[in-house]
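Shown next, in structure tokens, is the structure this report addresses.
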Amino acid sequence: MYNPYQQPSYGAPQQPQQTGYGFNATGGNAMPQSQFQSTGYYQQQPTYQQPGFQPQQTGFQPQATGYSVPQTSYQTGFQVQQTGFQPQQTGFQQQSAETNTELKIPNIRLSFITASDQSKFEHLFRTAVRKGETAISGDAARDILLRSGLPPVTLAEIWSLSDTNKSGSLLFPEFALSLHLCNLALKSEPLPSVLPEKWSNEVQSFVDAISFSVPEDPSKILANTPFASLGTEEKTSWMDAPAAPSTSFQPQLTGFQPPQMPAQRTGGQITAQRTGGGSLIPLQPQQTAGLVPAGLQRQNTGYQPPQPLQSQNTGFQSSVGRQNTGYQPPLQQQGTGYQPLKQQNTGYQPPLQQQGTGYQPPLQQQGTGYQPPLQQQGTGYQPLQSQGTGFQSQGTIQPQGTGFQPQSTGFQPQPTGLSSQPTGKPGQWGFVSTPTGGIPGLSAMEQHFLPNTQLSSNNLQNAMGGSLKTNVTWAITKQEKSIYDGIFQAWDKSRQGFIDGETAIGIFGKSGLARPDLETIWNLADGDNKGKLNKDEFSVAMHLVYRRLNGFDLPLRLPPELIPPSKKHIQESMDSLKNSLRGGNNKPKRTQTSSSLYKHDDDDVGYVSTARHRKKSDSSSGSGSGTMSIEQLKKEIREKKILLDAMDSEDRDSSVLSQRDREWNEREIESLKFRILQAHNKLESSGISGSHEEKVQLLDRLRHLTQDKMPKLISNIHVVNNEICSRQMKVAKLRLQKEHPDWAPEASDADIVGTGPNGEVTDYDRKKFKSKQLLKRRMAALSGAKTGSTDTAVDDQLAKATEDAKNLGDQQRKMIEEISGSIKDLEDGCISALQSTTREDSYEKWEKGQGVSSDVAAFIRSLPKSEGSKNGRNEKTQSPYTQPTKSQSQSAQSTQSQSQSTQSVQTQPAQPATYSSYSSPEDRAAYIKAQAEKRMNERLAKLGITRRKETGSKAPEVPKEPVEAPKPQEIETPKETETQRETNTKSTSQTSKAEPQKVSVPPAIPSSSQAPAIPSPAIPPAPEDDSEDEEYAALMKQKQEMEERRLRKKKEKEERLARLKREMEEMNKEEDSDEEPVTSVPTYTNGSVKSSTQPISQSEEVPKTEEEKSGESEQTASKPEATPTEQAPKPDLVSTSAQSKANPFSKNNNPFFKPTQTPTIDPKKAAAQRDSQRGLGSDDWSDSDDNSSDDDGPNRAGAARLASMLFGGMAPPPRAPTIEKEETGSKETAEVPPPTEVAPPPVPAAPPASVPPPISAASSKETDSDDEWGTPSAEAANDHDDFDFGNNFEPSMAPSPPPVPTQHIPEPVTDVPPIPQSIPPPPQSFAATVEDAPPPPPIPSQVPPPPPPPPSLFPTESSNAPPAPPPPPPPSAPSAVPPPPPMAPAAPPSAPAPSPGGPPGGAPNIGALLGQITGGKSLKKVDDSQKRIADGATVGRVVD
């Protein structure tokens, strides 16, 4: 068949083709493969030749253009004609079973594939694609790709790159791309991970071109047309035809004709058709398969349209006037159509008979003879209007001299009388015939709109302007589309697929149209208002420009023919999706139906709701239920029973499954509860879960200290430091003036009076001062007066002193800044540890059970929260590091200064502890404060500043792990064990007591009455009668003494540490040898915290045996010359451990006080006492300091204060030097024999007459006393937070109490006030201020009575101990006043004056104080190694 849109080049090799139907003798349909071309009906006969026909050369190669019937005996037609073209295949001849000649592939070149490769790929593609399909299936493509021998992984990558649409099949451009990638892989070239943009754009354009060229279904074309009935009758013909036509022409037998056309008369009437494209559009050659010539791509059909065809004789050229081009006379009649066609005679018959050349049933028979005035006839089943197929005198071909009327051979344009119309639906581009006559200027438009052309718009308008055609539609033809696409690709150089608005305006502006027209065109093209145009939208705009240049009016709306297919497809998809969603979610309203109403055909729509069928089935079942028979009803009943049984079975199964699920869920819940409980217990045991409120309180307290209090302190320190510098410079100047009376110092910068803000010296002040000095010198030079100093040495000394003072001030300032930085670091660390990471709502939800279900809340409340806190309390009760509660901490602030002065022995923790090792918030807070204080004191130590507190030689005490106390029965030991322990202790003490004699003792510090106190950095004002040089000498001497004392303390610290290590080893050996279980290893803890694990009761009766009393008397009598220093620390060494106090037979190294019963403990009182013992101040900071240089020596001021409190009513101790006291004590202590251990006698009942002195006075004095457990005085409270720049207290040692006599108990003193029947309650809180304390009692004028037994003073209500024994008898009157300390049982001396270290309120009640000391449960036992007196490190300290 000839396609008018295919134009091959001359000499191009073409494949043979056959475009007609071949009939055999029986009328059957056959498609043989012929190698030659025949121009009419002929049969090949090897023996018979027609004499009148000679072959002629027409420049074309032979080509079969009609129905060729293979015969083996004769030929009746024409001779073979050479047409100049090689045989070619046009898609209508099946050369082999594998080649799909019907497949239409656009003639588009892929730039990345060579032309030869693309032709090979196309041939391979045609052989693999079945007829009726346009894409190769995945299986077929897989088989082809596997032939390359590549691994499957590589082929899978190639497939993913080639299948651009992800459809599972490949169109030709995708198939060619896959083969090209295979070639690259075979050449060992790497495959691209993503297709290059150029390749992707070309392949996508090729795919779009194939999608646009898909023909329409003939059934859809015939729908709603008068030819619909004819189309349905010939469905078999459509099925039998090689391909479906889409033009208005039927196959003709006399020329190159499209398939599926009914045969025409082959005699004298040949329908003219357009076969070469005419003079309209020169088309490029291309191969198609069974598609129409009007709107399809061009194909090579053999003839070249530009070459004018010469007329040729197609009949007999002899004398025969006319010939039959059908069958020759010797042949029998045959059917030239399908089987139902009637036979016709094709021999020589002057009056030729009519023969059917088309489809017989619908067509009327036509005469094949000579009929000049032939009428137009319908040539096939088509939706188009009929066209004239008779003789039309047109074209350039000369009429043939065959006896027939001249006719066109089909190579000229169609008659202009036919109206061109689109053959597809509106909006489907490329299926529109070019308007007859054409619209001019298309080629000029293509050249005008290219990017590099600079042509005037007048040239373009002159090329346009053809006469308006009324039969021209808005549809875009293939030729126009190709031109528009070429312009688009020329402008879209980056291959983005879009042209922006600016570029489009420049392109459209070349047309010379008015601005309103261009705006209208843009609005019509860019319907989505994107601001840019894709290829289809650009084609629409260019088409509108083209039509407007030809005089057409622009439409107000975009015609349906111009709607881009891509946009239409997207819109249709969106509409269908919306309809499906609307129909699926929203049920249509039920409308009243009636049989009289018009019913829509459901087959017309693509989506049919299932609700319609459901409605029909419901109505049918409802209507038929009334007419069901009995058998049907029984059947329904049986079916319903079966359904009910099935439902019951399902219910049972579901119930079983649900029961299993419930059981499984319950097990899971229990398992989770158990895991939660384990985690909770783990958290409680580790102590990680601190209270949120406690953390908030501690954090607030920390911020108050660091943000409010600390900045003020630092500011005050800076002020004092500046004042010290200025005073030092003034003192140096005055000293030099006194030493050199004739020396007149020159005014220095310090004499400049500043006039700036805050008295600052400005530049103006300096200039003014210099000018004054210069003027003064000049005046002195004129008058000869003396202007300044002539002694340069003195000036140098002054400058040096001034510089030293400034340097010292700078150093102090830097130290303060370092301390401030350390405080900031400590603050950050504390804040990070105290900041709560738990949200408040989460805490309320998971800790208190708020906002959760009742079951979860009940489980949360059932968690053992109290157990963790109870364990924490027990641990804190047993731990020697117990921290006070908030109220106790506040109450203990007022007693810190007293405890600082009385506690001096500090021990070292056995193991280093960390923050995470403490289980309670109090312990962690204590650890944080201990670390903070340690760092603070490190900074303060550099300045020589120490806070007024107890001194020690170890690091700040931190809490340690609690130690469980053994049971009472484990503590009780027989007397033999106790005796053995005493023996071991004596030997150890003798060894340890001899050691201090070898240790160098620092020189005695002058007492407060003999030596001035160590001055602070601020130099005190000198007395008026003292000279300046004496003040300076005293200052330098004090400074030198301070430095020497620091060196001594450092050396003493090292020696003391070594001695303590030795003592520790000895004690460990001693305790290892004991059979009694030891409750805790003696450790050196901070003196600010007691080491007891049990609370301390307010009173405890500790009676002494007669043997002990006699031993004490002997010991005292043998040492009449003993100094008070020997026995001063004994009240402090009375302490015993809690376990020993609970055991009446436990060993105690103190011969004075041995417990005989287990007292009742009051936790609140014990906590208050521990607070005071720890030395907690008002700011909750501990007083322990490891690196303070002033902590190395003994707190002699504390010892003096303790001695004054204990023995204020006795004779004042002698002012002996400390060295002598220590030496004497050392010697005398070594000579003291150990007391004999005697079993204690039974406790007698306390007689009512034996009453101690009144307690009221003691309790009143206790408020103002300076003891360890009492409320501090006003001076002590005020001195609590002060910084001490030296030990300013008198280092006098406190005397020990007199021993209890062993004689008979005398009659009670009659003038003693009666004792109250009930003991007044001890103070529950130590927060009482000094104002609340009662006034001190007057100094007694008579000799005070002997102290009663302390245990009888503080019995508790819950105490189950036996009544207290009677007090010991008073000693007999001595012959003379005993030497101090009065230890003999003589009459008490006269009332002495209060000692300087005593409290301002007078002598305290010694009995009450001794009762509290002996009642302390936290005092541990002390071996002989620590009972020595000469050691300065333990003087006046309470041993923990």
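The backbone N, Cα and C atoms fix where each Cβ goes, and this holds for glycine too.
What Swiss-Prot says about this protein:
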- 627-686: coiled coil (COILED)
- 1024-1076: coiled coil (COILED)
- 399-423: compositional bias 'Polar residues' (COMPBIAS)
- 573-583: compositional bias 'Polar residues' (COMPBIAS)
- 867-876: compositional bias 'Basic and acidic residues' (COMPBIAS)
- 882-914: compositional bias 'Low complexity' (COMPBIAS)
- 985-994: compositional bias 'Polar residues' (COMPBIAS)
- 1023-1032: compositional bias 'Acidic residues' (COMPBIAS)
- 1068-1077: compositional bias 'Acidic residues' (COMPBIAS)
- 1080-1100: compositional bias 'Polar residues' (COMPBIAS)
- 1180-1192: compositional bias 'Acidic residues' (COMPBIAS)
- 1232-1255: compositional bias 'Pro residues' (COMPBIAS)
- 1311-1324: compositional bias 'Pro residues' (COMPBIAS)
- 1420-1430: compositional bias 'Basic and acidic residues' (COMPBIAS)
- 150-185: domain 'EF-hand 1' (DOMAIN)
- 513-548: domain 'EF-hand 2' (DOMAIN)
- 1405-1422: domain 'WH2' (DOMAIN)
- 1-67: region 'Disordered' (REGION)
- 234-285: region 'Disordered' (REGION)
- 297-428: region 'Disordered' (REGION)
- 564-629: region 'Disordered' (REGION)
- 861-1440: region 'Disordered' (REGION)
Chain residues in Cβ proximity to the domain 'EF-hand 2' (513-548) (below 8 Å; excluding those fewer than six residues from its ends, i.e. six or more beyond): 205, 208, 429, 439, 441-442, 445, 449, 474, 476, 480-481, 484-485, 487-488, 497-501, 504-505, 554-555, 557-558, 562, 564-567
Helix-strand-coil residue split for the compositional bias 'Polar residues' (573-583), DSSP-based: 11 helix, 0 strand, 0 coil
Average model confidence [pLDDT] within the coiled coil (1024-1076): 79
Secondary structure content, the domain 'EF-hand 2' (513-548) (per DSSP, counts of residues): 25 helix, 2 strand, 9 coil
Counts of helix, strand and coil residues, the domain 'EF-hand 1' (150-185), according to DSSP: 25 helix, 1 strand, 10 coil
